[in-house]
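The block underneath contains the structure these notes are about, expressed in structure tokens.
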Amino acid sequence: MSTRSFSPLDRLLIEAQRALTTTLGPAHAERGNPAGDIPEPALDDTDRRHAAGLMRINHTGEVCAQALYVGQAAVARDEATRAQLLHAAQEEEDHLAWCADRLRELDSRPSLLNPLWYAGSWAIGFAAGLRGDGWNLGFVVETERQVEAHLDEHMVSLPAADGRSRAILTTMKADEARHADNAEAAGARILPRPVAAVMAGMSKVMKTVAYRL
Ligand SMILES: [Fe+2]
Ligand SMILES: [Fe+2]
């Protein structure tokens, strides 16, 4: 396998391009959309707006997940950890694309603040990564477990008829659980409770804002 070395400027440009693609560009899914040919439900305006608000939260969550993992990968010490982080980030791109598809179907759009969420999450990932790979993987476990819990909430909260959104969230949840399991198996440290609490607090702010904006 050939290794190529990048200058700091190369790396900066790669990161900048990735940020732009994630926040503004169309995401490309490698797997088919789990909603498949499930029929589009007839939703009234209130239900459609509510479903769109939830799917916008999930879309922004995926932007944050990508940024977090890419930020962590930038400072991961071990090649295997870096590869695992980048692989997880790639699977999050499927999620990103499916959520974007669903937002379009619901006549809505992603959060206008996604570039801001990306920058904040990247910085958090970078800071976590500086503490070492055990912490890095611990961050993955905590993030994914929190996402799993909120996907459960959304599954209950979605309009009962919206089988298309529900199918997407079901597949995402299975992926997130696998990401957490893999990180645990690779030697994740358990994060101190205050760190986990701060992460939960920040994601609560994100969810409140992204539902509307
Ligand atoms: Fe995801
Ligand atoms: Fe994930």
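From the backbone N, Cα and C atoms, a Cβ is placed for every residue, glycine too.
What TrEMBL says about a protein is an automatic prediction, not a curated fact.
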Residue among E40, E142, E144, E153 sharing the Fe cation 2 site, where TrEMBL lists E92, E176, H179 as binders: E144
Listed co-binder of Fe cation 1 (same site as E92, H95, E176, source TrEMBL) among E30, E62: E62
Other parts of the chain folded back onto the region 'Disordered' (24-45), taken as Cβ under 8 Å at six or more residues beyond its ends: 51, 90, 93-94, 96-98, 100-102, 105-106, 114-115, 159, 161-165, 167-168, 170-171
Spatial separation of E144 (Fe cation 2 binding site) from E176 (Fe cation 1 binding site) - C-alpha basis, Å: 5
Output field, Fe cation 1 shell: CB within 8 Å of site CB centroid, site E62, E92, H95, E176 dropped: G61, A65, Q66, E91, E93, D94, L96, V147, M172, D175
Among H95, E144, H179, the binding-site residues whose C-beta sits under 6 Å from ligand 1: H95
Distance-selected binding-site residues near ligand 2 (C-beta under 6 Å), from E62, H95, E144: E144
